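Worksheet: the structure to be examined is printed underneath.
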């Protein structure tokens, strides 16, 4: 790594994000215009979109020097005059110059192309991620976003390899055809006929290829959803001895995906065959037509023969790129439409109402219903959170929780007790404005900040120290840090050899379930938010650790030495820790 050069600033995600943040005028009523996404990507690239032009022109110039070099060398070797050392040295120098120029300009050209590709990839990932956190949470959204972020983005990247090849192909085709016409006359048009036929076939298939690809990527979406659920539920699958059944189901989805992708792969193979047809069939066809047009002439000398072969090769290469670019650009167009449709999805609207202390409704009540949350009925100026006859669901067309009435006071410790799968997580998502609020009203005190600790902790693939401290600058104080380590039982994590320099793996895979949960809990507690939501975080801890952390967290009058924090936590075990002042049941 030390031997590698520095990465350009324009390739960092922070730089790409800054450029994208200034390009917001493409949205019309929250949606992109018909050309919105391509224009956003083009504006994000800016002048860098033109940087490959100069090296590509240089590459074409050096490439088309080859037939002249070959012609000069063969002419020098075929005449009967004494060898001229000066001319020989000149040809050696010209050969060195031409092929060195090809190598340098080719490397320069692809360096600029790869920079552009990296910027476009970063821009697409940023756009997709920013949109993902703004839309309504749905189980089908994440697999779709993953497919767009990997499969669709990769196909757009592949098509960018041909973006500058298209205009260069037009230029090179014109020059090569003119040079070939000088050598072979009207026979040169036979090669154009072959290339036009191949391009016509590829162009006619491009629309069908794009449609078949969209069907295939839809099958990829359907496979990624269950695969993600399987990877996040490995422990439960092993406990239920369901590994074989799970593997059979995933194999079936993979086989179905391959079967659906077969038409796309078959058409892609056809386009590849026709793209190489120009290079393979052109030499015999051109010379056959030349001989047919000149039956009595014997001017097809060695010099003309090899010069013509070189020109045919030079002409076939851009034509082959055109045939390959047509389906690639067509597939990229379909991927851009899929990404744009995702970006045009309606943003999540926070249904909660934010009010001052004196606007809270007094005298709350409990409404009996199928799935009630039984709450206290008194409300005063210390109320920070209030739910009145609220119905929540993961989608607006179906409510999983109905008739919820709840009041939470400032600094209180509230337990939500319920069995697994009863809707405790949905309730928390509703408090955060992440769930669909079908009925009722959720009122939150103005300027309150939430901290949410999920039952599946989110951790970054960095060191334990970075995960713990990067969002909590107050932890530089040794007293605050020691208090946090004690309250969350982090001694074993602090004593790890790679606490500072190592990484914890993707999703904290190098840590145990309890270690991951305690690290996430400590990070949330260190943020010093007004309301701390703990979604069944004690389930991954052993009994002794669970009781210790619950004792520190739920019976402490202060949290990390600042104003009392309101703590709401869910659990399926009534013996999680010392009973809090307020307990509700779902």
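The backbone N, Cα and C atoms fix where each Cβ goes, and this holds for glycine too.
Annotated transmembrane segment per TrEMBL: 49-69, 89-109, 162-181, 187-206, 267-293, 305-329, in sequence order. Feature annotation from TrEMBL assigns domain 'ABC transmembrane type-1' to 57-331. What TrEMBL records for 354-377 is region 'Disordered'. If you look up TrEMBL, you'll see 385-586 marked as domain 'ABC transporter'.
If you look at the transmembrane segment (49-69) against the transmembrane segment (267-293), you find fewer than three C-beta pairs under 8 angstroms, all six or more positions apart, and that falls short of contact. Sequence-distant neighbours of the transmembrane segment (162-181) (same chain, 6+ residues past either end, Cβ-Cβ under 8 Å): 52-53, 56-57, 60, 63-64, 67, 109, 113, 188-189, 191-192, 195, 286, 308, 311-312, 314-315, 317-319, 321-322, 324-325, 328-329.
Remote same-chain partners of the transmembrane segment (187-206), defined as residues 6 or more beyond its termini with a Cβ less than 8 Å from a stretch Cβ, comprise 173, 177, 180-181, 267, 270-271, 274-275, 277-278, 281-282, 285-287, 289-290, 293, 312, 315-316, 319, 322-324, 326-327, 329-330.
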